[in-house]
Amino acid sequence: MSIQLNGINCFYGAHQALFDITLDCPQGETLVLLGPSGAGKSSLLRVLNLLEMPRSGTLNIAGNHFDFTKTPSDKAIRDLRRNVGMVFQQYNLWPHLTVQQNLIEAPCRVLGLSKDQALARAEKLLERLRLKPYSDRYPLHLSGGQQQRVAIARALMMEPQVLLFDEPTAALDPEITAQIVSIIRELAETNITQVIVTHEVEVARKTASRVVYMENGHIVEQGDASCFTEPQTEAFKNYLSH
């Protein structure tokens, strides 16, 4: 089992953002978190690499175990983030580094790869994500879709077991959205586990092998992709019809 959450409760000050979240996602699945604004999708995603710290519950992810009755050590959090990559909605590329430099920075510093090893790994990913012509460009000179592909390549440089996406197609036009969907589907063939937050039902339908539908910090429905054609709850049925 690649990801297991049990009884996760998360607060921002006095406001509770997640209520008793329990879910499983086997290795190699693509799990999509769906729901209206304020449902808790991004909070849940951020729990998976401990950008948000729950107040209670347990998390197993990529071989790392956390019991939130105790505060995790800095080393445990670092170990987790080596195995769990994140592609942010705003891309978060380093503006002063070229595409190639963006890719090799973390593997050299964090994984201790030599520059040659990192460059060889980067070369393969630039090829795979159709970014070869842009390797010497700076993020400022790339379109939104190109920046998103660089962000995905950068996360894959760490060879994570789990890859998290926060609204990967937000603000992208339909053609670029189709490219990102295609990349996610290609990655699904490689046995990497993916978790995707989106509010775009079509993106979810095209990528998800499992789906979790949330409202107001609660899981309302979860299951495999058949939920899209046979929703089990009125709430999810209504959401899909809008």
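Every residue gets a Cβ built from N, Cα and C, even glycine.
When pLDDT values are averaged over the domain 'ABC transporter' (3-241), the model yields 94. If you look up Swiss-Prot, you'll see 3-241 marked as domain 'ABC transporter', on the strength of sequence analysis.
As annotated by Swiss-Prot, ATP binding site applies to Gly35, Pro36, Ser37, Gly38, Ala39, Gly40, Lys41, Ser42. DSSP classifies Gly40 (ATP binding site) as coil under the three-state reduction. Its own atom aside, the Cβ of Gly40 (ATP binding site) has 22 Cβ atoms within 10 angstroms in the protein chains shown.
Apart from the site residues Gly35, Pro36, Ser37, Gly38, Ala39, Gly40, Lys41, Ser42, the chain places the Cβ of His199, Met214, Glu215 no farther than 8 Å from the centroid of the site's Cβ atoms, the recorded ATP location.
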